[in-house]
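Residues annotated as domain 'ABC transmembrane type-1' in TrEMBL: B:104-307, B:401-595. The transmembrane segment annotation in TrEMBL covers B:26-46, B:108-130, B:142-163, B:169-197, B:240-266, B:286-308, B:345-368, B:405-426, B:438-460, B:466-490, B:527-554, B:574-595.
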Amino acid sequence: MGSERDERRGEGEPPIAVELEGVGKRYDGAVAVEDVDLAIREGEFFTLVGPSGCGKTTTLRLIAGFEEPTAGTVRFGGRDVSGVPPEGRNVGVVFQNYALFPHMTVGENVGYGLRFSDPPGDVSRAERVRELLDLVDLPGTEERDPESLSGGQKQRVSMARALAPGPDLLLLDEPMSALDARLRERLRVQVREIQRELGITTVYVTHDQEEALSVSDRVAVMRGGTPEQVAEPRTVYRRPASRFVAEFVGDNNVFEGTVAGEPGDGENGDEDGDQEGPVSVPVDVDGATLRVAVGGNDRGADGDPGIGDRIAFCVRPQHLRVGRTENGLEATVESAEFLGETTRIHLAWGDRELLVRTEDPLSGTVVVGFDPADAHVIDVDGG
Amino acid sequence: MSDGSGGLESGRKRATRLRDRVERHALAGLTVATVAVLAVVFYYPVGTVLVESVVVDGAVTLGVFADLLRDPFYFGELARLFAGEDPVAVVRALVAPDRRLGIVGFTAYQAALSTLASVALGLPAAYLLARFEFPGRRTLRSLTIVPFVLPSIMVAVGFVATFGRNGTLNALLAAVGLGPVELMFSLEAIVIAHAFYNAPLVARVTTAAWESVDAGAVETARSLGAGPLRSFLDVVAPQVYPAVLMGAALTFVFTFGTFPIVLALGGFELATVEVFVFRLARDLNYAEAAALAVVELVISLAVLGAYLRYEARHTVTSRGVRPLPRRPLVPSAPTAGALLSRLGLGVYGVVAALVFLAPIASMVLASVTGGDGALTLDHYRFLVERQRTGAAFQVRPWPAVRNSLVFAAASALVALPMGVVVAVVTTRRYRGRKLVDAVAMAPFAVSGILVGLGLLRGLVFGVEVAGWRIAVAGSAAIVAAHAVAGYPFVVRTVAPGLDSLDRSLIESARALGASRARVLRDVELPLVWPGVVAGAAFAVAISMGEFTATVVLATGADAYTMPVAIERFIGRRLGPATAMGCVLLVVTGLSFVVIERLGGEYDGI
């Protein structure tokens, strides 16, 4: 649904490297992925993110050729690759569990792909292996036994092995999931640097939305076998296309209510008389009237909501300010999690739970409010 | 990527492309070859036999089956049921003391008893191996595979040497002043011999299941308030029980189709179905032999099928578990419970030694004991003498040894690639895999007589193909039969390794440019090499010990093997048979050692 929304891009974009059109995969009747339309550009770092079972790994495997789609087409540079086995696709794959060949040395692992194709550039096989081990910052480890390496080192060897034959496409399947948090952060920066240096088109699969946002050029948030939104990380974060995306990517407060007036109704440019901002509508949520900015939301054909429409919108926890009376909600503190730089506070407002981020702990009853411009409309359901 | 600089480069590229194309289809080619071999030397011959059971004088009929089912000689009281009598009367007759079981009924009865005996003898061994630590435990665990691959006719000779009228058991009893017991040609002898074969199998599968019980699960049960017995019954037993059932099901199938043991220990008086099929075939009554073989096959497959259905529903795959800690066999603190369990194991040890070691020891002893009880090398001298002066129609030792070795090597060379290919094909996931698995593993369940008979009638006697008469030499048919009997073992030793290989290893290699066949060569086979070596050892051992199909096919004077030689000797005098048995034991043992050396180190399966 949301995939076209972000395709309005300028001329001179790099050509499309990988294209999935109406791709589906069923196993014995069970749907793994369905209606996947993706266009990944050359040199792009493209991430598939979603909870387990959302079809992100299946999508990657369909691109790699480990699985054949039961519907639709996969194209590499415009060429239909259905029926082309993995060894004919010139892709490099890195798995979560490294998948290093235990009966080969590090050097033999990295050099394995060079048995089937000449090294890119005018270098010998041994030189190419050395180059790649330098690239991943493991020089001189050719003779080591893979089992003697740490998890992070194994993953870098796996990366070097995938890159050695000079693939057109790098596919990374949850490559960091088996590593500890600190190492993961360091390694993902390193992976991104290598990717930029080589300019290689990369498809990255992760369940970690933070990882997805931090490294990618674009992200596809998947759910139930289909991408719900394909966009740049900032867009996904600020303008989630669905309630699912809103809640999956970062913390969020999602409200559902009924539009109670026309856009601009009751908007009197109070206080500073600011009319420059977006127009807002009053929304009735569980008896409270909250003002939500509309327009400028890139809502396209949906148009502005009319009175009586059901509407869903979200407000990030950091935008719910304690003590703010505009859109003020009186809530009681349920619990607090100290996260270091901030504290995440769980509030009870009626039957709903609200999340707020503050620097200091809170207790008792508080009033939290938000700027209508900080509310993002996710969905409008015309009556 | 460059456009090349002249003919040399393009020539190289063409060669690479050609190699790629060959490699890409190598696995498919091998699969087709395997299917072809199976079709020609298994399904076609067995098929011809089955056809013979329903085609009489060119007309299709079920008459042979109908007669068979209604014949009390085969089905006992049950035959009256098939003949349309009142079921109540049949049941009443069946529970009466003078019931008739018939051949089929007796076969099932002795198989059931043998299964019970095997489980009874196997479970304590599993308990010992899974729960106790003692010097030589790993060796003992590896040794449990040995009885299963020992040549059955040799084991039969060992049992005759132990339990026969002049056997070691009676000698021992006489020494302590007890009268002789007559165990030969009795049901007891057959059941004990079957337990010798199958109890280690039960012990093996049960031990494996017991070792895969996660200590964490037991500890959780204990912490929740279950006592030791309760946690055993609630946590351990449910995970071990399916393995026991598998051992029992396999034992039943194996002992239902038993041949050499019953032939040697029971004679035709206590004939099982397989023995009778042999006898009917020998009397050239092929239609009835075929029909009886079909009945046998249906019963075996029904038991296996029932088990496989059960297994599919109850398989729990637990990987990476922390096994239960083993206790030292010598208890550190002698409590009543600890002493009792050790006492039980001690008694078991004596029984087990008697069952497993006595036959082999007795055979060796008998081979160097003369009629007067004194030590002698006469039996071996007889073999040498026979080799030197034996007539052409007589069985001579050296051709038997040579044939056994040649057949074993040749059949292993066929069985290994077949087994590896089937292992590869059946460990990949796709629709219809179960069917492929069943088709490929059928030789496991089909009786050797049936295969031998089919090969004899179908290939050795010759078939007409497009005006050409194609006949296969008896020795080639023997190699084929041995390969068919041996390759399921290769599958069973190689497939688990392949199955547990991380799929991403294979996928990584393929993404790096390796074809499917290349991945098999570069990644999979090196990683499961111990299984391949074990499979080769199995294939050789099965061939060396195979008796059933061989005895059918070795009609000519020149194609007999060591087991056939033993059987021919045993009919006359025990001495030379035991000497020949020792020769077989040594040759089989040496082959094992050689294979192990050739294949590099492996720690058994």
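The backbone N, Cα and C atoms fix where each Cβ goes, and this holds for glycine too.
Keep in mind that TrEMBL annotations are predicted by a computer and have not been checked by a curator.
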Quick check for me: are there 3+ Cβ pairs below 8 Å between the transmembrane segment (B:527-554) and the transmembrane segment (B:345-368), leaving out pairs under 6 residues apart? no
Surrounding residues of the transmembrane segment (B:574-595) on its own chain - C-beta under 8 Å, 6+ positions past either end: 150-151, 153-154, 157-158, 160-161, 164, 166, 360, 363-364, 366-367, 370-371, 378-380, 382-383, 386, 397, 400-401, 404-405, 408, 533, 536-537, 540-541, 544-545, 562-563, 565-566
Counting only pairs at least 6 apart in sequence, do the transmembrane segment (B:240-266) and the transmembrane segment (B:405-426) share 3+ Cβ pairs under 8 Å? no
Do we see three or more Cβ pairs under 8 Å linking the transmembrane segment (B:26-46) and the transmembrane segment (B:345-368), pairs being at least 6 apart in sequence? no
Out of B:108-130, B:345-368, B:438-460, what stretch is closest in contact terms to the transmembrane segment (B:169-197), meaning most Cβ pairs under 8 angstroms? B:108-130
Which residues of the chain, 6 or more past the ends of the transmembrane segment (B:345-368), have a CB below 8 A from one of its CBs? 121, 124-125, 127-128, 132, 147, 154-155, 157-159, 161-162, 167-169, 192-193, 195-196, 199-200, 329, 375-377, 379-380, 574-575, 578-579, 581-582, 585
